[in-house]
Amino acid sequence: MAKSVSISYLALEQIFNDTIGAGEIKVAGLLVGHPVNGGVHIARTIPTSRGTVTYVRISAEEISRAVEELNPGEKIVGWYHSRPGQGVFFSQDDIETHEKCLDFNPYFQALVIDPHQAKYGTPMADCVRFYTVRNHKEVPIHGYKLTGSSMQSYYDPKEFVFDKYGFPHHYTLTHAGKTKISHRKSNMDASFEYDVFICHAHEDKEFFVRELAEKLHSKGLRVWYDEFTLSLGDNLRRSIENGLAKSRYGIVVLSKRFFEKEWPQKELDGLVAKEVEGKKVILPVWHGITREEVQSFSSILANRLAASSEKGIDYVVNEILRVLRKKSV
C-alpha cells in the first residue's frame with residue numbers, strides 16, 4: 001500500500017468534467033502518474049469508458065490503448081469511476097477488481113465519485129473518496145494536503161467545499177489523518193471555462209479533428225469541441241457563441257473545406273473580434289493546405305506561425321501545449 005497519495009488539481013478537474021458531463025451514466029477512467037517517495041502522485045487522467053445507468057467497466061482493450069498514450073515516465077497508477085446519485089462506496093465487484101490490481105501493483109489507487117453531490121457549499125469528502133482493499137474489505141483513504149505552499153499542513157477533506165463553478169476549494173485549516181492526499185491547483189487560467197475552442201469544418205472531423213480533440217483532452221486540457229459539448233436540442237449559434245466567450249484560445253483548423261464553409265468562418269470572426277480587444281487567442285493549424293492557399297483566404301492568418309498536420313497529430317498537440325504552458329507561466 002502506498003504511504004501517501006497526491007493528486008493534482010488538474011486531475012481532479014478532469015474527473016469532474018468527465019463524470020458531471022455524463023449525467024446519469026456511469027463512467028470510468030484511468031489515473032496516470034508515477035511513484036514518488038514510497039507513495040503515488042496522480043498527475044492526470046485518461047477517460048476510457050461510458051457505461052449505463054447501472055454498470056461500467058474498463059476493458060482490456062481500453063487499458064491497452066491508454067498505455068499507448070502514456071508519455072515517457074508516466075504509469076497507470078489507478079482507476080476511477082462514478083456513481084451518480086448513489087453516494088461513494090466500493091461494491092463487491094469493485095473490491096474484487098481492485099484486489100486483482102493490487103496483485104500486480106501494490107500502489108494502485110481507486111477513486112469513487114458521486115458527481116450529483118458536487119454542488120455549491122457541499123464538502124468534497126461527500127462525493128469524492130479514495131479506496132484501497134485490505135482483507136477483502138474496502139478501506140477509505142482520508143486526509144488532504146495542500147502542496148506548493150509554505151504551510152505544509154494537513155487538511156480535512158470536509159474543509160474542501162464546492163464553489164459556484166462546481167470545483168472544490170479549501171477554506172479552513174484543520175489537522176487530518178494518516179495517508180495523505182495532496183490537492184494542487186493547476187496553473188491554467190481559471191477565469192475561463194475552457195482552455196481551447198476548436199474551430200473546424202465538419203468534413204475534417206473523421207481523419208483529424210476528432211483525434212486532435214481527444215488527444216488534447218487526454219493531456220488535461222478543457223476542450224470546447226462540439227461532439228464533447230453540445231447536446232440534443234441545444235441552440236447551435238448560442239452554444240457556439242457561449243463557447244467562444246468562455247475559451248482562452250481558439251484552435252482554427254484551416255483546410256480547403258474550412259474555406260468553403262460559412263459556420264467555421266463565423267466562428268473565426270468571433271475569435272478575430274477577441275483579438276481586436278488586444279488578446280492573442282488564435283492558434284492556427286494548417287491541414288492539407290499550402291501557404292499560398294491560406295494567403296488567398298487571409299493574409300493575416302498566412303503570416304501567423306502555424307502548426308501543420310503534415311508533421312503528425314502528436315506534433316500539433318505538443319505545439320499547442322507548448323503555447324498554453326508558456327502563457328500560463
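Note: Cβ is positioned from N, Cα and C throughout, glycine not excepted.
Taken from Swiss-Prot, the feature active site applies to Glu267. According to its DSSP assignment, Glu267 (active site) is helical. Counting Cβ atoms from all protein chains shown, Glu267 (active site) has 21 others lying within 10 Å of its own Cβ.
A coil conformation is recorded for Ala201 (NAD(+) binding site) in the three-state DSSP classification, outside any helix or strand. Among the features that Swiss-Prot reports, NAD(+) binding site is placed at Ala201, His202, Ser231.
Per Swiss-Prot, domain 'MPN' is recorded for 5-134.
Summarising the annotation, Swiss-Prot assigns domain 'TIR' to 192-324. Mean pLDDT for the domain 'TIR' (192-324) in this predicted model: 83.
The residues of the domain 'TIR' (192-324), classed with DSSP into helix (H, G, I), strand (E, B) and coil, number 77 helix, 23 strand, 33 coil.
Ala201 (NAD(+) binding site): 20 other CB atoms within 10 A of its CB, across all protein chains. Residues near His202 (NAD(+) binding site) in space but far in sequence (CB under 8 A, at least 6 apart, same chain), listed by position: Arg257, Lys261.
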